[in-house]
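What follows is a set of notes on a single structure, which appears directly below.
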Amino acid sequence: MKLVILGPPGSGKGTYSSEIESRLDIEHISTGDLCREAIEEGGEMSEKIKKYYEKGKLVPDKFINQMLKEELKEIDMDDFILDGYPRTVEQAKFLDGIIDLDGIIRLDVSDSIIIERLSARRICKDCGEVYNKLFLKPGEEGICDECGGELYQREDDRPEVVKDRLEKYKKRSKQVLDFYRDKIPFEVLKVEETSLPIDEMVDKILEKAERKNLLS
């Protein structure tokens, strides 16, 4: 199964992808994780990526594509789930040139739900673990379960910033979906609740994938 899960920021695609990874024993590739790992490792790529992270800007496609290509060399190319990539039509064209996807699941979430979710998101300052005050709470408020670090709210998770992020996402997303529309199976999962348990959401995603025979 070579599956992509797409959705706006805060749609839960990373959380759901991690659960699918555990259930099906497949690789979960997150370009956000690849960027964070590159920064931690240091070196030339780290310095390039850091400049964009510090300014709150998207890392250019050429760097993301390069890291993804290297990651794909290290995994089972027949069984993986890509979380949030491709983000742009340029990334989609690059991916299409190196691998044949089996399908795409797109999470359709209203702006109001996204704003509510992201406003409740908290991240560990030390290890980067992600929590949410709505549906993924830490054992002790404000403290990371993994390392005991302090949890904080990112500047770009504030409501006024989220609205701008969503508008940019919609424009890029339409171009990506138009590129794939006649190429591979495509399913849309409408998310109408902010606090549906993760297990239930993953059940719905896998039902969509099974409907398109993507789990074989």
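These residue numbers are counts, starting from 1, taken along the chain as shown.
Note that Cβ sites are derived from N, Cα and C of the backbone, with glycine treated the same way.
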Which range of 120-157, 158-195 is region 'LID' in TrEMBL? It is 120-157
Smallest Cα-Cα separation from R154 (AMP binding site) among the binding-site residues G10, R121, Y131 is shown by R121
Binding-site residues considered: K57, R87, R121, R154; fewest surrounding Cβ atoms within 10 Å belongs to K57
Cβ proximity for G12 (ATP binding site), under 8 A, sequence spacing 6+, ordered by residue number, returns L107, R117, V191, I198, M201
Reduced DSSP state (H/G/I helix, E/B strand, rest coil) at T31 (AMP binding site) is helix
Model confidence for the domain 'Adenylate kinase active site lid' (121-156), as mean pLDDT, reads 90
